[in-house]
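Undergrad: Grabbed the feature section from Swiss-Prot, which reads as follows:
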- C86: active site, nucleophile (ACT_SITE)
- H173: active site (ACT_SITE)
- E175: active site (ACT_SITE)
- S227, G228, G229, V230, D231, S232, S233: ATP binding site (BINDING)
- 9-199: domain 'Glutamine amidotransferase type-1' (DOMAIN)
- 200-389: domain 'GMPS ATP-PPase' (DOMAIN)
Amino acid sequence: MKDFTEQEKIIVLDFGSQYNQLITRRIREFGVYSELHPHTITVEEMKALNPTGIIFSGGPNSVYDEDAFRADERIFDMGIPILGICYGMQLMTTHFGGKVERAKDREYGKADIHVEKPNRLFAGLPTDQVVWMSHGDLVVEEPAGFEVTITSKSCPIAGIADEERSLYGVQFHPEVRHSVYGNELLKNFALNVCGCKGDWTMENFSEVEIAKIQEIVGDKKVLLALSGGVDSSVVGVLIHKAIGDQLTCIFVDHGLLRKGEADQVMATLQGEFNMNIIKVDAKKRFMDKLAGVSDPEQKRKIIGNEFIYVFDDEANKLDGVEFLAQGTLYTDIIESGTATAQTIKSHHNVGGLPEDMQFKLIEPLNTLFKDEVRALGTELGMPDAIVWRQPFPGPGLGIRVLGEITEEKLEIVRDSDYILREEIKNAGLEREIWQYFTALPNIRSVGVMGDGRTYDHTVVVRAVTSIDGMTADWARIPWDVLEKISVRIVNEVDHVNRVVYDITSKPPATVEWE
């Protein structure tokens with residue numbers, strides 16, 4: 001097993017681009033481990049990471065802004081390959097004596113580029129390509145020792161390179177899928193320029209994480225916030241493999257679970273994996289706290305707090321418990337805000353924790369994306385029934401019932417969601433659709449059922465396709481399948497007379513409604 005410092009890795013420096021997490025994700029697709037770090041990292045800290053290559057992300061600043069994000073300039077002298085993307089290319093240009101100016105017109109969207117001087121970055125790629133641009137400044141004079149490698153109609157210097165020092169810059173965003181050959185360019189950087197072997201796998205990851213968990217925990221005990229979803233289930237099996245019965249799983253039935261979920265969780269994880277699970281019936285406790293609350297952020301905070309307090313109560317019955325495990329993912333951390341990104345919404349695993357929490361946190365999945373977690377689950381020998389379960393938020397149905405939560409509303413969402421999952425399975429679409437669920441938007445509308453007028457609830461069906469959860473598109477479910485879903489919901493679920501389908505992508509929307 002390799003030590004982390006010996007592992008091939010490409011570090012992405014975060015200069016505030018909305019796409020920076022995609023760079024990390026793309027690099028991992030090539031079997032090369034990659035992490036996102038703040039631009040404030042020092043050269044000493046960077047050397048300790050021992051990267052094989054570095055990527056400077058894009059960002060919203062101008063390099064001439066007084067408060068523009070900077071990098072430790074000594075990083076350029078480390079003698080390892082660096083790729084500057086958009087703002088990153090402009091930083092590289094000014095550092096080495098080139099010139100950057102404000103563009104007459106901001107360039108945003110698809111653009112045609114021409115590769116004037118092919119190099120290792122463009123090995124095997126066509127000279128004419130469609131890419132995604134998003135910039136307000138541009139390079140007007142390349143630095144000494146660099147060559148202009150790419151041009152476009154509105155950006156005469158769209159790429160630069162110093163092959164001898166393995167320094168490259170591109171004005172466009174290869175990490176965005178609109179850049180047709182962007183993946184291939186990043187792969188060339190990782191494998192051709194940096195010389196990575198591309199042998200990072202979930203087997204490597206699990207070996208490293210198991211060793212880390214054993215080292216951190218020692219002979220202490222760990223509590224896991226087990227929700228029954230993919231993330232907490234995978235982290236539970238991973239930690240159980242590391243420390244066995246030192247792990248106690250606290251499965252809280254807060255009354256916000258999907259239909260039949262509690263029984264399935266106990267049967268699978270306790271029955272098949274012999275995990276130590278304490279089931280806590282806390283339905284009344286949660287519903288009392290949530291009574292009259294309609295604000296989504298307040299609901300998340302209440303649910304998050306009550307979860308921790310329940311764990312605290314259970315932990316007091318056990319000896320030697322020092323750690324709380326969570327299934328926090330990389331996307332959770334990113335969406336909850338970083339030093340250079342605006343908070344979208346507080347996440348149940350990284351927000352809402354009480355200040356007096358008594359446990360130390362263990363989050364072994366917090367560098368993984370959702371598809372990587374599924375791959376890890378398979379590597380750990382978990383059945384598809386768990387690994388490919390629909391993603392389920394920690395607050396459960398509490399954020400799929402918009403507005404105040406009542407038992408009647410919860411039953412509507414449970415029953416409608418069960419029908420949706422049945423019909424998606426019957427249509428053979430389970431693996432094609434990344435996430436699908438129903439939500440209750442707290443909207444009533446007039447309808448006619450039988451010979452009478454109704455004034456009942458509207459159910460929203462949400463289904464999206466995605467690879468990593470950072471971006472998502474609404475799923476093109478066949479009309480006949482949507483019809484079956486709608487007919488069954490209005491006929492089988494009480495107090496529902498209308499079904500609508502959400503056809504909004506992420507962005508601008510998030511996957512969940514709250």
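Counting starts with 1 at the first residue shown.
In case you wondered, yes, glycine gets a Cβ from its N, Cα and C as well.
Could you tell me the structural context for the features on the list?
TA: In the structure as shown, the Cβ atom of C86 (active site, nucleophile) sits within 10 Å of 25 other Cβ atoms. A coil conformation is recorded for C86 (active site, nucleophile) in the three-state DSSP classification, outside any helix or strand.
Non-local neighbourhood of H173 (active site): S17, Y19, G58, I85, C86, V131, W132, M133, S134, S179, G182, each in the same chain, at least six residues away, with C-beta under 8 Å from its C-beta.
Cβ contacts within 10 Å of E175 (active site), excluding its own Cβ and spanning all protein chains shown: 26.
In the three-state DSSP reading, G229 (ATP binding site) counts as coil. Residues within less than 8 Å, Cβ to Cβ, of G229 (ATP binding site) and separated from it by at least 6 positions along the same chain comprise G327, R389, P391, F392, P393, G394.
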Undergrad: Just to confirm my parser: what is the rounded mean pLDDT across the domain 'Glutamine amidotransferase type-1' (9-199)?
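TA: Summing pLDDT over the domain 'Glutamine amidotransferase type-1' (9-199) and dividing by its length gives 92.
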Undergrad: Within its own chain, what residues at least 6 apart in sequence put their Cβ under 8 Å from the Cβ of V230 (ATP binding site), listed in sequence order?
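TA: Correct list: G327, K370, V373, R374, G377, I386, V387, W388, R389, P391, F392.
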Undergrad: Under a criterion of Cβ-Cβ distance under 8 Å and sequence separation of at least 6, what residues of the same chain contact S227 (ATP binding site)?
TA: F251, V252, G327, F392, G394, G396
Undergrad: Same chain, not part of S227, G228, G229, V230, D231, S232, S233: whose C-beta falls within 8 angstroms of the C-beta centre of the ATP site? Give them in sequence order.
TA: L226, V234, V235, G236, G327, R389, F392
Undergrad: Around G228 (ATP binding site), how many other C-beta atoms are within 10 angstroms of its C-beta?
TA: 23
Undergrad: How long is the line from the C-alpha of S232 (ATP binding site) to the C-alpha of E175 (active site), rounded to the nearest angstrom?
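TA: S232 (ATP binding site) to E175 (active site), Cα-Cα distance: 29 Å.
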Undergrad: I need the CA-to-CA distance for D231 (ATP binding site) versus E175 (active site), whole Å please.
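TA: Answer for this pair: 26 Å between alpha carbons.
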Undergrad: Long-range same-chain neighbours of S233 (ATP binding site), Cβ under 8 Å, sequence gap at least 6?
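TA: Listed in sequence order: L226, V265, L269, G327, G377, M382, I386, R389.
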